[in-house]
Amino acid sequence: MHPAAEHSPLGKSSEYVSTYTPSLLFPIPRAAKWAELGLSADTLPYKGVDYWNCFELSWLLPSGKPVVAIGEFSIPADSPNIIESKSFKLYLNSLNQTPFDDRATLEATLRTDLSAAAGKPVGVRIRSLQEVEAEGVVALPGVCIDDLDISVDSYEHPRPELLRCDASRVVEESVHSHLLKSNCPVTSQPDWGSVVVQYRGAALDHASLLAYLVSFRQHSDFHEQCVERIFLDLQRLLKPERLTVYARYVRRGGLDINPYRSTETADFANHRLVRQ
């Protein structure tokens, strides 16, 4: 467990505050998890963003009438802190009985508070239910590898030694899997996700990638670090010209987290999958 997470509200009984309380936000430094991967703030080999979607966003108009909407928040992958998920939820719940003059005022408030917690500017977008409904759900790009026949006997820790490639062939492709699963390092609750790998480099053996992804099944770590570990393991193996790894996780407590890591510009289309 991350030392800072021990002091967060995650996994503990909490009072649900219904009036605006920005102090509920609990930042967790990324540095410790970066260090586990041999990284530091100055040596990150990727660009990226953590995209959070909130489906339980509500506040009051000056008249007292409630409003509901969907919130989208983009936290830079190189920000000093992540925001602990339960504290994020408690903070958003604190808006429920709080009046705001208009949507722009609420967006500005969210931007200020979340940027202060993350340590870097956070993007905020509040969207109507009709707007998001019209977008529907999308399919992930590329080839789905989930029907490949593999044998698995280890689920406790990621096993990069399972990964194989053909260095004699250079390919450019996108592959994806819906079988990503890990556990919250604080509560041990399952985190279900789908992951996409897009790259140009030595041809990756798809069955070995699937076996590797399944090896995360009982691993305990935050969403962001799982994606960073996958990125680094593939980068070491493939030595690619370009590499992007991103995951879309199933929501919990009205929030879903979607980490994106890439050697290229962080151009992330935030479209929901069928499980979201």
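Each Cβ is built from the backbone N, Cα and C atoms, and glycine gets one as well.
Per Swiss-Prot, the features are:
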type	residues	note
ACT_SITE	Cys184	active site, thioimide intermediate
ACT_SITE	Asp191	active site, proton donor
BINDING	Ile83, Glu84, Ser85, His223, Glu224	substrate binding site
BINDING	Ser85, Lys86, Arg252, Gly253	NADPH binding site
Q. Rounded to a whole angstrom, what is the largest C-alpha distance between any two of the residues Ser85, Lys86, Arg252, Gly253 that the record assigns to NADPH?
A. 9
Q: Starting from the Cβ centroid of Ile83, Glu84, Ser85, His223, Glu224, which together make up the recorded substrate site, report each further residue of the same chain whose Cβ lies within 8 Å of that point, ordered by sequence.
A: Ile28, Asp50, Ile82, Phe88, Phe222, Ile257
Q) Which state, by DSSP, holds His223 (substrate binding site): helix, strand or coil? A) helix
Q) Roughly how many Å separate the Cα of Ser85 (substrate binding site) from that of Arg252 (NADPH binding site), to the nearest whole number? A) 9
Q. Among the recorded positions Glu84, Cys184, His223, Glu224, which ones place their C-alpha within 10 angstroms of the C-alpha of Arg252 (NADPH binding site)?
A. none
Q: Pop the Cα-Cα gap between Cys184 (active site, thioimide intermediate) and Lys86 (NADPH binding site) into the table, whole Å please.
A: 12
Q.
Within 10 Å of Glu224 (substrate binding site) (Cα to Cα), which of the recorded positions Cys184, Asp191, Gly253 do you find?
A. none
Q: Calculate the distance in Å between the alpha carbons (Cα) of Gly253 (NADPH binding site) and Ile83 (substrate binding site), and round it to a whole number.
A: 15
Q: By CA-CA distance, flag whichever of Ile83, Glu84, Cys184 among the recorded positions is nearest to Asp191 (active site, proton donor).
A: Cys184
